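Notes follow once the structure below has been shown.
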Ligand code: DCP
Ligand code: MG
Ligand code: MG
């Protein structure tokens with residue numbers, strides 16, 4: 001039978017033209033190169049440990065593919081550069097596999113790179129099953145390295161794999177990172193992920209001496225959202241640091257309100273405030289509570305340390321200042337952080353220690369609350385507070401130093417910095433100068449001198465991000481001193497809008513905006529809970545509508561419970577759904593993450609404020625139907641309750657139930673939860689979901705003038721108003737006063753709002769029905785309108801500028817400008833998804849070339865273009881809310 005093209009066949013040796021022949025020749029050539037490479041290696045550094053193994057590396061690994069290639073060849077194995085058929089490799093090496101590949105490789109030996117490292121270290125081929133990546137035996141994925149037997153056969157990867165932490169053979173006493181293997185979906189009902197303790201360092205002195213001492217892997221099983229929504233949510237909250245941060249913040253503010261609700265607000269703003277914040281809080285706590293056996297020689301001032309859940313696609317929650325000096329930032333992906341390490345430096349990744357964090361925060365607040373000089377200690381977050389001095393005249397700097405000393409003692413070594421200023425914004429800017437571990441007082445009357453402002457960029461101002469910088473005409477490099485002299489209030493308001501323009505102008509003159517001033521004058525009013533929310537952005541995968549309904553029941557139970565805890569009821573409920581964006585991969589790089597999404601939301605007023613779980617659940621289900629997002633496309637669910645009013649202001653409440661207090665099911669709910677759309681949705685509607693959606697949004701025009709309106713001063717009306725909750729009172733009074741009515745005041749605004757809504761409904765309609773896309777004018781690249789052909793041109797361009805012979809300097813500046821203009825036009829022309837695709841295409845092409853490309857200069861140039869020039873264009877546009885780190889994971893530059 002003749003071979004089909006591409007099939008692995010020796011008979012194709014001379015067939016240079018066909019696809020199969022080309023690859024056959026390539027393979028023969030690569031093997032010859034590998035044999036030559038092995039022959040050149042010093043005799044002591046090679047072995048036959050991996051003989052008989054044919055290894056293929058799938059995806060990004062740690063150590064990287066290049067290092068594994070070297071290792072396999074060095075120790076007698078065969079390295080496959082591409083996989084012609086599944087049988088061609090004896091072992092597939094991967095960190096983790098996406099679901100599709102899990103199915104494809106289900107009968108293969110898919111092992112973690114650790115299998116190779118440990119086999120080489122122990123001088124024999126270890127059984128592969130404990131290192132399997134395909135679940136089942138994931139529990140054993142933890143490296144059970146016997147350090148005693150590792151002696152003498154230490155692999156020497158570190159020299160090649162320059163900036164990725166690997167087997168720390170040379171820099172022996174630097175501990176390597178803790179690892180978290182990729183989670184695997186087990187039996188469809190739970191997600192298992194093995195959280196391994198930190199990797200055993202390669203020296204005897206630092207490492208446990210026996211195998212029995214090796215830390216045991218901790219297997220965590222996460223229930224899936226579809227199989228057990230209640231357990232899923234509980235487990236999600238246990239692991240979500242963002243959830244914990246918001247819970248802590250809410251609790252601190254609630255405590256503040258409880259303690260100070262009887263005090264009157266200030267009549268004049270305070271003259272000096274202190275802003276106190278822990279330095280690299282999570283990282284410091286994690287370091288202080290680290291397992292000292294495993295990290296005995298870690299020096300926090302010198303060695304880079306970061307806190308995150310695992311490697312790769314987990315966020316760096318906090319990193320120390322040694323890591324920041326190397327370019328690591330809070331919020332970055334762990335993999336990106338590791339790539340920033342120079343050769344010979346290892347980034348130590350430590351796990352979260354939530355209990356220790358809470359304890360340190362409690363000590364911090366105890367010190368501040370115990371200080372008699374403070375009128376108020378306003379909680380900003382778990383690690384940060386604004387302290388309002390009682391009067392003037394205290395030696396602020398001495399006080400700050402004293403507080404810092406006490407905090408350090410009471411927390412066992414956590415350092416905090418203090419910024420002092422005449423307003424919140426000045427104290428906050430001063431804090432940036434004080435960090436790390438210092439105090440800075442912003443002086444000057446009425447505002448600090450130019451030398452102070454020169455030290456900041458526009459991004460240091462509160463509320464200013466990428467979008468605002470873009471609106472300011474890319475004032476990224478301007479200092480605040482320049483901006484103070486070159487802008488006026490009207491010019492800022494024209495560029496940034498009234499609110500943000502006003503805020504920035506005030507900040508540039510050392511003053512707080514209205515919101516911050518209110519916080520200083522009447523903190524209880526600001527801290528009183530205004531909303532309750534739950535936001536789940538990981539693990540959301542549904543197959544059926546009843547599964548979603550069950551999950552919404554649980555969410556309703558959760559928020560109802562929160563309402564009860566703070567003694568409130570909600571007047572408004574919003575459901576926000578994240579739907580997989582068109583063109584985004586079904587499974588994003590982050591396992592069960594959201595990936596690229598479009599957000600849609602819909603709010604509903606409850607009529608009578610309620611905290612009833614049944615009412616909330618019914619409303620959420622109705623909103624879910626109104627939003628008409630296909631269940632399989634759902635990637636994130638958020639519920640937001642607003643217009644809160646006191647529990648006593650409306651009738652008796654019905655206790656809701658929540659997690660741990662019995663599952664919210666039909667029996668547990670006060671009223672049966674209907675799964676049909678709510679009454680506002682036309683019943684038995686024959687129209688499409690998009691039509692139903694449109695009908696929901698555009699309400700009929702009311703003839704307000706025709707309704708006789710009583711006067712608010714009528715005794716009966718006054719008594720009626722008195723009985724209403726304060727928020728409703730305001731609304732009714734406004735309505736009675738005709739704020740929106742025949743007087744015409746506010747009519748224009750109302751009409752504009754209705755137009756905006758109709759516009760939004762049309763846009764969503766077009767989105768749902770897929771119509772309207774063809775109305776977009778084509779965006780051309782070098783005269784070419786077909787996106788497919790543009791992609792081919794771009795690929796060819798990347799290939800031509802990284803030719804592999806080391807002679808190229810990367811792309812020509814003129815071509816880069818043309819490309820940037822094209823990306824910009826796509827963004828402006830509502831085709832951000834195409835912009836992302838073409839940018840990611842470049843990144844992928846580079847990643848593929850990374851291993852073989854000798855043009856390091858060209859590669860570096862390309863990396864610079866992608867990160868410094870293309871990414872800002874993508875982040876600047878108004879339609880995506882992508883951050884550098886979100887894109888980074890898909891780019892893999
Ligand atoms: N945090 C987080 N994720 C965020 C923001 C914060 O996990 N998006 C956590 C980790 C931080 C802690 O909150 O350690 C405090 O946040 P800070 O912004 O104060 O950051 P650090 O304390 O880490 O650093 P700095 O020294 O800049 O204050
Ligand atoms: Mg901090
Ligand atoms: Mg902070």
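For all residues, glycine too, the Cβ spot is worked out from N, Cα and C.
Remember, TrEMBL labels are computer predictions, not curated facts.
Of the residues proposed, 277, 279, 291, 299, the one TrEMBL records at the same Mg(2+) site as 383, 384 is 277. The region 'Disordered' annotation in TrEMBL falls on one of the ranges 625-646, 647-668, 669-690, namely 669-690.
Looking up the ranges 1-34, 35-68 in TrEMBL, the one annotated as region 'Disordered' turns out to be 1-34. Looking at the stretches 180-199, 200-219, 220-239, the one that TrEMBL records under the feature region 'Disordered' is 200-219.
The Cβ centroid of 277, 383, 384 marks the Mg(2+) site; residues of that chain outside this set whose Cβ lies within 8 Å of it are 276, 278, 281, 380, 381, 382, 385, 416, given in sequence order. Residues belonging to the domain 'BRCT' (45-133) score a mean pLDDT of 85 in the model. Within its own chain, residue 277 (Mg(2+) binding site) has 380, 383, 384, 416, 417, 431, 435 as residues 6 or more apart in sequence whose C-beta sits under 8 angstroms from its own. The binding-site residues under consideration are 383, 384. Their Cβ neighbour counts within 10 Å are lowest for 384.
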